Each structure stands twice: as C-alpha cells, then as structure tokens.
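Enquirer: Before we start, here is the structure in question, set down as structure tokens.
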Amino acid sequence: MDQSNRYANLNLTEKDLIAGGRHVLCAYIMKPKAGFGNFLQTAAHFAAESSTGTNVEVSTTDDFTRGVDALVYEIDEAKQLMKIAYPIDLFDRNIIDGRAMIASFLTLTIGNNQGMGDVEYAKMYDFYVPPAYLKLFDGPSTTIKDLWRVLGRPVVDGGFIVGTIIKPKLGLRPQPFANACYDFWLGGDFIKNDEPQGNQVFAPFKETVRLVNDAMRRAQDKTGQPKLFSFNITADDHHEMVARGEYILETFADNADHIAFLVDGYVAGPAAVTTARRRFPKQYLHYHRAGHGAVTSPQAKRGYTAFVLSKMARLQGASGIHTGTMGFGKMEGEAADRAMAYMITEDSADGPYFHQEWLGMNPTTPIISGGMNALRMPGFFKNLGHSNLIMTAGGGAFGHIDGGAAGAKSLRQAEQCWKEGADPVAFAKEHREFARAFESFPHDADALYPNWRGQLGLAAA
C-alpha cells in the first residue's frame, strides 16, 4: 500500500521544522528491498510504522491521529538518505514527573521499523532534539569538573585523567586485583572495573570493594594525591544496582566522592542508566558501551551509529561515555569520531546532518580506551585538539615493561610531550617511562616512529 500521500510531505523545510520546535528530526541511510515500493513509498511506510500507521488503513484513525503522523520531509535516493520528522507529542512521558525517556525515543525511531519486510536496511546517523523536548531529559548531574575538583585541579581545562582497566579483565581474585590497583595508583589517577567484573564466585564483590578501598587509601597516603575508582554496578535488577551502589558508598565513606559508578548502558539499557543517574546523582555516571558494535559498527547496516549512541547517552545523564580512539587504538573508529566528542562536550555542535543546541545541559566526558598506549597518545591529542578527557589504558599501562605505575607515568608524559609540541623520540630521551614505552610496545614504535631504535640508542637496547 502506497502511504506517501499521508506520511510524506516533501514541501516541508528543515528550517521551518526546526523553527516550529515541535518535531524530533532523524536522518537515516535506507535501502528499499527489491520487489516492493520505490524509495519514497518505502520511506513513507517506514514513517507510518514508526508512528501512527500500519500496513492497512484502520477505521479508528481520526483527524487528531493524522496530526501526529511522522512525516518524511526530505529524501535523496542517490545517497540513500531519508529524513523523518516525529512530532514530540508521540513520545512517552513518565507519569511520576512528566520527564522524557530514551526507551520511548528508541521504540519509535529505531523500533519495529528495523524488521520491515520492504526495507533492505535502515540505520540512523543523526537526530535533532528541539528545545521543548530536550528540556524533558535528565542530562548529566556530574561532570569531569567534579573529578578534577577531587583531584585538586582547576575546574576549567583540568586536563588529562590518566586511567586504566585492571587486566586481565577476569580471573584475578580480590587481593591480586587490589594489589594491581595500588601499583597503578602510584603513577595514575583513575581505575575502572572492566565491563564483566562484578560478583564472580572467585572474586566476591564485597571483599573486592573492601580491599580496593584499602588500596586507595594506602596509595593516597603514599603519593599525597587523591585517587579515583569506577565500580561496575550493572545488573538486571534495579534493586541489585542500588544495593551495590549503597555498599560501595558506605565502604568508602569519606572518599565517596572519589567513586564513579559504571553502567553497561548498551546491554543493560536506558532503565539501568536512569537508575544510576537518579538514585546516585552525586556520583560520576560512567557509561560503558560494551556490545554496541552489534548495531553501530560500520559493517552493520541496521540500527544506529556510535555518534547517535553517544548523543543519547548525554540526554540520559551519562557523565562520561566511551567514545573510541578515533582510529588510534585497537577498536573500530576513525578520525571523524572527534565530531562525536564535540557533540557530547560542547553546548553547540554540528553532527553529520543536524546542528544541536544543548541549552546549558551538562556535558558528557569522552572516555578513551581500546588499545591505547603512550606512543599513540600524542597523535590522538593532536587530532582531538585538547586533553580534557579520561583515558583508560589496560594493556597500555600494565603492558609497560616496568609495570603499572611506570605505565601510568608514561601516559602522563605523553600528554606533556603533546603540550610541549615536542618530537616524541627526542622527548623520550629525557623521560625514562616514556622511553621505556618504546621498548614495551615495539610494534607501535616501529609503525609510528620508524627510526626510534637508532635515535634512542642504549635507552632502547
């Protein structure tokens, strides 16, 4: 059935839709399946399925219903581009406080339309949120400024937070885990649970929390510097998440503001993120995106992009989210990922298709991880243009030839190298931990700095 007369209006302009302030706009790359309707007909069916329609006309439809139809307002068949305007009144609101929910946004914009028989594939690349709808989202309650404050740094341009993930990701018992934390904290700032770490039978949660608390206090006494830890509180059950969070805060007591809560936001979903955001508004909310590649990977033709995921995370209230390494690490990514970093940190930013004003909503910190080490960091900072972020290097710290503390120091020295605009190999001659990173990661050293062996001489022997 051709629904383009009802669910498409190509006379609408994006400028007028934005000025009207009553529509969420979404940009998709879509390909119709052969043997069905043309591009516009398929796009209109997509809009119908995403809002008020189905595959047939129904007798219960009235004029009001038609007034909240989603509408295709722009297509470019050559680029497989379609843009759809969704009236904000379509989206569900909480009955307790009238707030918006990402679950409803996803259900409409990327829900049943992903399984339509006449669509070969469709993937969301960007979306725009008007002020009236934006104001209904929680947004972050804490930011990197809160972490900088704990660390005793300026709250403007407080700089690089040197972090790690304790490796191996699974298999360490509580005491060896805490020992690794102590070792890293002698040189670094921030440690996070890896996403599967929790309450394994060989590493009971409460015992691990107590020992990490002890390790943090000893490291702070030894270095005279505050330390940070991000605990995984992800669970299927809301009550389990709250129980974990409350136990952690009770245990760390006067160091409670040194604690972030990590939530596996993709696998556990918006409900888990909102549970952490609302029950623990004073804690830094660390959004881990494990599993997201199933839909965000460039190889995936359905779903949505990592850019879209990150933008949704800011709306939900994530204080920080993993944003990849812009092609400088081991995970999929590209230099264009910096647009994602700007979208979640700035108050006014351009996406692939839409400009977004955030109206003062708190920013979300880019958290960088995935195959990073000190040798890759100067180029990463140069591409991004600043170092106001958290970086969690697992192998990049504990793979250092002199151990976790030296690995942490090498990462901090990498930021110093970039800030000074120094040649990394020349810089290494005066900074032992950074120099030893060349020996620790020789494959990267050969690829990035081909003549390093001769230039460093005995330092690289």
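Glycine residues also receive a Cβ, built from the backbone N, Cα and C atoms like all the rest.
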Enquirer: Which one of Ser59, Ser141, Ser230, Ser369 goes with Asn112, Lys169, Arg289, His322 at the substrate site, as Swiss-Prot has it?
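Expert: Given Asn112, Lys169, Arg289, His322 bind substrate in Swiss-Prot, the matching entry from Ser59, Ser141, Ser230, Ser369 is Ser369.
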Enquirer: Check each residue in the chain of Asn112 (substrate binding site) that is at least six apart in sequence and keep those whose C-beta is under 8 Å from its C-beta; list them in sequence order.
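Expert: Non-local contacts for Asn112 (substrate binding site): Glu49, Ser50.
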Enquirer: Specify the count of other C-beta atoms within 10 Å of the C-beta of Lys169 (substrate binding site).
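Expert: Its Cβ shell of radius 10 Å holds 13 other Cβ atoms.
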Enquirer: Are there recorded positions among Lys167, Lys169, Ser369 that sit within 10 Å of Glu195 (Mg(2+) binding site), Cα to Cα? If so, list them; otherwise say none.
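Expert: Lys169, listed in sequence order.
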Enquirer: Same chain, not part of Lys192, Asp194, Glu195: whose C-beta falls within 8 angstroms of the C-beta centre of the Mg(2+) site? Give them in sequence order.
Expert: Ile165, Lys169, Asn193, Pro196, Gln197, Ser230, Asn232, Leu262, His288, Ala290, Thr392
Enquirer: Just how many other Cβ atoms lie inside 10 Å of the Cβ on Lys192 (Mg(2+) binding site)?
Expert: 26
Enquirer: Going by DSSP, is Lys192 (Mg(2+) binding site) part of a helix, a strand, or coil?
Expert: strand
